[in-house]
Each structure stands twice: as C-alpha cells, then as structure tokens.
Amino acid sequence: MGKFVTGPKILWKVIVRELHQLVSRPIYLFSIVIAPLLSYAFFLSLMDNGLPEELPTAVVDLDHSATSRNLTRQFTTVSSLSITTEYTSFTEARKAMQKSEIFGFVIIPPSFEADLYANRRPEISYYTNSAYFIPSALEFRSFKTTTTLAAAAAVQQTLLARGEYERDIMPQIQPITVDMHPLGNPWTNYSIYLNNTFLPGILEVIILLTTIFSIGSEIKHSTSREWLRTADDNILLAITGKLLPQTILFFIMGALCQSLLYGYFQFPLQNGIWPMLAAMLLFVMALQGLSIFFICIAPSLRIALSIGGLFGVVSFSLTGFSFPAEAMYPAFHLLTDILPLRHYFIIYADQALNGVPFYYSRMHYMALFIYILLALPFLPLLKRALRKQVYIA
C-alpha cells in the first residue's frame, strides 16, 4: 500500500518539475503551441478556396482566325486558368514558363481553322511546367477538357451543315456517356485532400523533435541525474512524468486541428469525431514512444534530433497521400507500414472520409498502440545514459 501511495507522489513531483521547465523555457511554448498554430493558419488559409484558381497561362495563336480566337475565349472562361498574355512564338512562351511567369501555354497552329473544316485534323499543343505538380496537373486537365469540347463543337457544326439532325449528332460525338460520382471528396477540394494528412504530418515532426529535445537536453545540461533522483531512480516514472504534460498539450493541439477541419471548415466526417480523437491521442503517444526509442538507441541530442527529423520528413513521401503506396517499389511499400502517419492516414480515410465500420480500422489503431510500447525494452539503455550524464557533441 505504501508503494502505491508513493508512486503517484513521485510521479507528481516529476510532473511539477516538467511543468516548471515548460513555462520557464520559451522554446517549449513555441514548439508546442505557436508552431502548430502558425502551421494551421498558413495551410488552411493557403487552400481556403479548395482548388487553385486563375493560374497564369498563355496562348500562342499562330492562326488568328475567328475559330482560334473563339477557342482562346473558351480558355478564358475556365476558372482554373487566367490567360495573362498572348505570345507570338513558342520561344517567347517557353522563356516565360522557364521564368515562372506562367505555368503553361497552348499553341494554336497556323491554318487551324482551314484544316479543321477540311477534316485535316489540326494538332493543338499544350505545355505545362511539371516542376509545379498541382498547377501543372490542373492546367493540363483544363487544356484537355477545353480542347476536347471545342473539337466536339466543331464536329457538331460540320454535321449540322451537312443536314444531319441534332438529335442524331450527339450519339456520334459521344456514344458512351460517363456519369461520374467522386466518393469522399466530390468537390475535388485540395484542402480536404492535403490538409487532413499534411497538418498531422507537421505535428508529427514537431512532436518528434520536441520529445527528443526534452529528454536529450537533460543529458546535455547535466540535469539527468537530478531528474532521475526526482523520480526515485525509476526510469518509467521519470519518462511518464516528463512526457505526460506534453502529451496533454499536444493532444489539445491535435484536437484543435480536427475541430478546425471537421467543425469550422466542415470537412467530411462520416463516423463522428470520436474515432478521429482516439486516433489523434494514439498518434501523439505513438510519436512520443518512437522519440523515446530514438533517444534510447542514440543518447546524443544531436544524433537523435537528426534521426527524428529525417524520420518525420520521410514520412511525408512514404505515407501514400500524394502517391499511392501500392504503386511504390516493394521495398518502399513495406516501409510505409512502419510509419505512424501512414496508419493515421488510413484511419482518416476509413473513419472520416469513407465511413467504414471501426472493425476494418482496428489493426491501424493497434499499430499506433504498439508504438507506445516500442521503447519499453530499451529504457535500461536510456537509464544508463542518464546516470552517466555524458554529452556527446
């Protein structure tokens, strides 16, 4: 009974010590509160319109006919395009794109109108700067859609001139009608597509670096032995007391992120907020467990921070929200399963976006829980490093 009473008292002493450090060092205020808030404000305001619109675009009209001018006007009606200028040659347009003045341009060839009505199939060329992936993809889609519709309109006019009835023309132009129903994100809103994983990804990097810093700085500033003495030489109580306040604060910041996404911005949330809050809590604790593991195997602040930063940044590429994990090389596909952000992303896709039963997401919740326990076998290594109190620069 005495040990049971002593344990909470010791834990409370460690918590009080950690709270004193949190309020006395501005870096914790910045990393736990200010940095996430700045990230939320930046990315949510950056993509508040959903899809980028009025992307700078150019037209090179080498025909200057009524038909080519009509096609140019059709490009100006597309919301994603902004025809900023018309160039007289391919070279001028290419140089403008290389200077990032435009993201893409269309070339209407000479004799476009004459070839079109003579059934000589004129070719319209469009170029996009793929160094900017999203603007390039949007412009390419807009170019293709507009030119396809323009070609269909030209065929329709030709057939009408030949005396065919309009009711007979459409089946010839489009024999198969495609009825599209995008699931989960029918608005094709890039903010829904990116921010639901990008913001937790930024939070992941912050949690990894902050947790590693808070433990590694004890060794660097020669306070690790005093920390252990406060915890009565119990490494588990020492770690729990140090990280519990951070866990609560990071969970609050994560819950605030979800409140903004699913409450204020009304992003899809099929199964309610509780599965996502549970995922966020496990996500925060999993990252803290992973951070402890890094500092256990590399009890040097510099090295552990490098490992944590690299792991967090690589997670953006291998999570699968920008490039499907199934299409990656097999070795990289296997690596995706060791990323907490990947499991959080799948939980989001299942619970918030698609609304599938909890049963089908259980393994991903379990994977996050396993990360919490990951560092337990390695805690003796950390305890030894804390006792030695030797900082390796």
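Yeah, the Cβs are placed from backbone N, Cα and C, and that goes for glycine too.
TrEMBL: automatically predicted annotations, no manual curation.
Marked as transmembrane segment by TrEMBL: 27-47 (among others).
Feature annotation from TrEMBL assigns domain 'ABC-2 type transporter transmembrane' to 28-376.
Among the features that TrEMBL reports, transmembrane segment is placed at 192-215 (among others). Remote same-chain partners of the transmembrane segment (192-215), defined as residues 6 or more beyond its termini with a Cβ less than 8 Å from a stretch Cβ, comprise 18, 21, 27-28, 31-32, 35-36, 39-40, 43-44, 47, 50, 185, 239, 242-243, 246, 250, 253-254, 257, 261, 267-268, 280, 283-284, 287-288, 290-292, 294-295, 301, 304-305, 308-309, 311-313, 315-316, 319, 321, 340-341, 344-345, 348, 352-353, 382.
The annotation transmembrane segment is assigned in TrEMBL to 235-261 (among others).
Taken from TrEMBL, the feature transmembrane segment applies to 273-296 (among others). Residues 200, 203-204, 207-208, 211-212, 215-216, 239, 243, 246-247, 250-251, 254-255, 257-258, 262, 304, 307-308, 311, 340-341, 344, 347-348, 351-352, 358, 361, 365, 368-369, 371-375, 378-379, 381-382 of the same chain lie 6+ residues outside the transmembrane segment (273-296) yet bring a C-beta within less than 8 angstroms of a C-beta in it.
Positions annotated as transmembrane segment by TrEMBL: 303-323 (among others).
The feature transmembrane segment is assigned by TrEMBL to 363-382 (among others). Here the transmembrane segment (363-382) has long-range neighbours at 215, 235-236, 239, 278-279, 282-283, 285-290, 292-293, 295-297, 299, 337, 340, 343-344, 346-347, 350, meaning same-chain residues at least 6 beyond its ends whose C-beta is under 8 angstroms from one of its own.
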